[in-house]
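Colleague: Have a look at this one before I ask anything.
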Amino acid sequence: MHIHIISVGKLKEKYLMQGIDEYKKRLSSYAKVDIIEVPDEKAPEHLSEQEMEQIKQREGERILAKIPNDAYVIALAIEGKMKSSEQFAASLDKLATYGKSKIAFIIGGSLGLSKQVMQRADEALSFSKMTFPHQLMRLILLEQIYRAFRINRGEPYHK
């Protein structure tokens, strides 16, 4: 399986980089993992609804340009479906069974994802009704992907 994590913004925090590197290393025996960063739009504090949509649109165009044509796309969004770790593992296993060898996870910027990105997504996944920093979400996502592979292989880890 080839996993693409497409995320808005550049990761700067060293402690997050270390965690991400650790999970990429752990995942290397299960899947190829690529993390693709697309530039975020600098935004002033007080934006109109129209300005927010324009920013999401520009970031969305960059995201869409990085999605492999044949990838199954999972957008991370608050309004997405919540799953337990076991349900998430089962859904990844099902995708593999149906020959979906490329999966692209999309993490938006601070304003979320554009309508176009959400339309391109095959599904929307929510980790919580809470909002997380998009940089931290990369680490959380990688940990859950790793956990899913361990669950699917019956290997100890997730309890």
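Yeah, the Cβs are placed from backbone N, Cα and C, and that goes for glycine too.
Quick caveat, the model's predicted, so the values are computed rather than measured.
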Colleague: Taking Swiss-Prot at its word that Leu76, Phe127, Ser128, Lys129, Met130, Thr131, Phe132 bind S-adenosyl-L-methionine, choose the one of Gly108, Gly109, Gly154 listed for that site.
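Modeller: That S-adenosyl-L-methionine site, as Swiss-Prot gives it, pairs Leu76, Phe127, Ser128, Lys129, Met130, Thr131, Phe132 with Gly108.
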Colleague: Using the structure shown, find which entry in Leu76, Met130 (the binding-site residues) has the sparsest Cβ neighbourhood within 10 Å.
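Modeller: Each of the binding-site residues Leu76, Met130 was scored; lowest Cβ tally within 10 Å is Met130.
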Colleague: Ranked by the number of other Cβ atoms within 10 Å of their own Cβ, which of the binding-site residues Gly108, Ser128, Lys129, Phe132 ranks first?
Modeller: Gly108
Colleague: Between all pairs in Leu76, Gly108, Phe127, Ser128, Lys129, Met130, Thr131, Phe132 (listed as S-adenosyl-L-methionine binders), what's the biggest Cα distance, rounded to the nearest Å?
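Modeller: Value for the max Cα separation, rounded to a whole number: 15 Å.
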Colleague: So of Phe127, Thr131, which of the binding-site residues has the fewest other Cβ atoms within 10 Å around its own Cβ?
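Modeller: Comparing Cβ neighbours within 10 Å for the binding-site residues Phe127, Thr131, Thr131 has the fewest.
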Colleague: I need the neighbours of the S-adenosyl-L-methionine site defined by Leu76, Gly108, Phe127, Ser128, Lys129, Met130, Thr131, Phe132. Which other residues of that chain put their C-beta within 8 angstroms of the C-beta centroid, in sequence order?
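Modeller: Sorted by sequence, the hits are Ile78, Ser126, Met137.
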